[in-house]
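Let me begin by presenting the structure, written as C-alpha cells, before commenting on it.
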Amino acid sequence: MFIFVVGLNHKTAPVEIREQLSFPEHILIDSLRRLHAEPAIEGCAILSTCNRTEIYAATTDIEKGLAAVRRFFTQSGKLEADKFANFFYTHTLYDAIRHLFRVAAGLDSMVLGETQILGQVRRTYQAACEAGTSNSILNTWFQQAITVGKRIRTETGIDQHAVSISYTAVELAKQVFTTLEGRSALILGAGKMSELTLTHLIANGVTTVLVANRTRERAEELARRCGGKAVSYDEIAARMEEADIVISCTAATHYVIRRELVEKVMSTRPDRPLFLIDIAVPRDIDPAVATVPAVHLFDIDDLQSVVDQNLAQRQKAASEAELIVEQEIAEFLKWLNSLFVVPTIVALKNKGEAIREKELERVLAKLKSLSEKDQKIIGAMASSIVKQLLHDPITQIRHYAAGPEGHLYSEILQNLFSLEIAGQRSKGRDDQSDRRSQP
C-alpha cells in the first residue's frame, strides 16, 4: 500500500484556479465517494480551504492511483490536462507524510503557525470517515497529523505571536484592557485595514462598533457588515468619550485627531484608558497624543515593529517545529513499514516451509528404506537449511524497516522470492507480466 498527496495551494495557483477546484461542504461527501469508486484508490480524503485543495490517498499501485486523482481533478475543475502540471504538486510516501504533518502544524500556511488549519485537517478526516472513504492507513496518518499539530503548538508556541498588522493591534489592545469582552470601538475610515482590525476586535469580544467615514454610504456599508452603527464625522469628539478603542485609517492629508481633542476627551473620562490605533499613512493622529495620561497610541511603525519581532519568534518556533515533524515522521514510518515488512517475512517463511515440505516428501518417497530416526534427521536438516538461508534476509529487512525506505526493501524481497501478499502489489512483477504479454 502506498500513500500520496496531490494538490495545489496559494503558492502554486492563483485564486481563479483554486476556486475552480474547491470542494465546499455540500458536495464534499459525494466527491469523496466518486473518487473512492476509482479501482486504484483504496482510501482518500480531501482537504479544501480558501488557500489549498489537496487529495490524500492510499493505493496499491502508485502510478494508477496518481492517474486516478489527476483525472478526478481535471474533471472536477474542467482543467485541460496539459495545464495540470503548472499548478499542482505531488508528494509520495515519505514526502507525503511530511507534507500533511507540516500542513497540520501551520508550517505550510500563508500565515506561519496559524491555528485554523488544524481544525480544517480534523474536519477533513471526519468527512472521509463519514463518507466511508478512509482506511486503516489514512486513519493513522490523519490521527497522527492532528497529534503533531497539537504537540507543535503546545511545545513551541508557534501560534502565540501575532504576525499581521490588524491582529497585532488587537493583541496590544488586550494588553491594555486584559479582556475585550463588552468593550466599544470607534472606527475612522472604512477601508480594508480598518475592516480587518475591526473583524479581529469583534472576534475577541468587542460588542459596540461605531463607524465614521467622510462618505456616509461607505460607513453604513461597513457598519452593516460588522453589526455596528454609522455615525457622522462631526460626532467624533463625542463618540470618543464613549469608546474604549479608536482605530483610524483615513485618507486625510492632515491630523484627524490632535492632542487638544484627546485632552478634552480624557477630561470627561479620567479613570478610563483610551487605546488609539493609527494605521494611516500619512498618520491620522498627532504623535503628541501619546503624552496624554491614560492614552495608549500605536502607529503603523509601532505595529510593524511588533510584527517583525513576532515573526522572528515564529520562525524560531518553526525551526523547533520542523525537528518535531521529523521525529513524528520516524515514528509513523516504523508503523507504516511494519505493514509491508511483517507480511513479507511471514510470506517468506511460509514459502520456505512449503518448499521444505515438498522436497522432503519427494526425497523420503525415494528413500523408503530409511528408519523413522533417519527420516527425522533428514527433516531436521532440511528445516535447518531453510532457516539459515532465510536468516540473513529476514534480519536485514527487519533492520531496514525502521528507515524511510523500509517498504522498498520489502518490495525487493517480494520480487526476488516471487512472494504474493494480499493488498500489496509489487509493481516490478506486474511490469514483467505486462511485458511478457506484449507481442
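Even glycines carry a Cβ here, placed using N, Cα and C.
Remember, TrEMBL labels are computer predictions, not curated facts.
Here is what TrEMBL records for this protein:
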- 6-156: domain 'Glutamyl-tRNA reductase N-terminal' (DOMAIN)
- Thr49, Cys50, Asn51, Arg52, Ser109, Glu114, Thr115, Gln116, Gln120: substrate binding site (BINDING)
- Cys50: active site, nucleophile (ACT_SITE)
- His99: site 'Important for activity' (SITE)
- 171-306: domain 'Quinate/shikimate 5-dehydrogenase/glutamyl-tRNA reductase' (DOMAIN)
- Gly189, Ala190, Gly191, Lys192, Met193, Ser194: NADP(+) binding site (BINDING)
- 320-419: domain 'Tetrapyrrole biosynthesis glutamyl-tRNA reductase dimerisation' (DOMAIN)
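In this structure, the C-alpha atom of Gly191 (NADP(+) binding site) lies 26 angstrom from that of Thr115 (substrate binding site). Mean model confidence for the domain 'Quinate/shikimate 5-dehydrogenase/glutamyl-tRNA reductase' (171-306) is a pLDDT of 92.
Non-local contacts of Gly189 (NADP(+) binding site) by the CB criterion (under 8 A, 6+ apart in sequence, same chain) comprise Asn213, Ile247, Ser248, Cys249, Thr250, Ala251, Ala280, Asp284. Less than 8 angstroms from the CB of Thr115 (substrate binding site) sit Gly106, Arg153, Asp159, each of them six or more residues away in the same chain.
Cα-Cα distance from Gln120 (substrate binding site) to Ala190 (NADP(+) binding site): 31 Å (rounded to the nearest whole number).
Cα-Cα distance from Met193 (NADP(+) binding site) to Asn51 (substrate binding site): 20 Å (rounded to the nearest whole number). Break the domain 'Quinate/shikimate 5-dehydrogenase/glutamyl-tRNA reductase' (171-306) down by DSSP state and the numbers are 61 helix, 29 strand, 46 coil. Each of the binding-site residues Ser109, Gln120, Ser194 was scored by other CB atoms within 10 A of its CB, and the lowest score goes to Gln120. The Cβ of Asn51 (substrate binding site) lies under 8 Å from the Cβ of Asn9, His10, Arg18, Ser109, Met110, each on the same chain and at least six residues away in sequence. Per-site Cβ counts within 10 Å over the recorded positions Cys50, Ala190, Met193 peak at Ala190.
Looking at the residues that bind substrate per the record, Thr49, Cys50, Asn51, Arg52, Ser109, Glu114, Thr115, Gln116, Gln120, the two CA atoms farthest apart are separated by 15 Å. The secondary structure of Cys50 (active site, nucleophile), as reduced to three states from DSSP, is coil rather than helix or strand. Long-range Cβ contacts of Thr49 (substrate binding site) within its own chain (separation 6+, distance under 8 Å): Ile117, Gln120.
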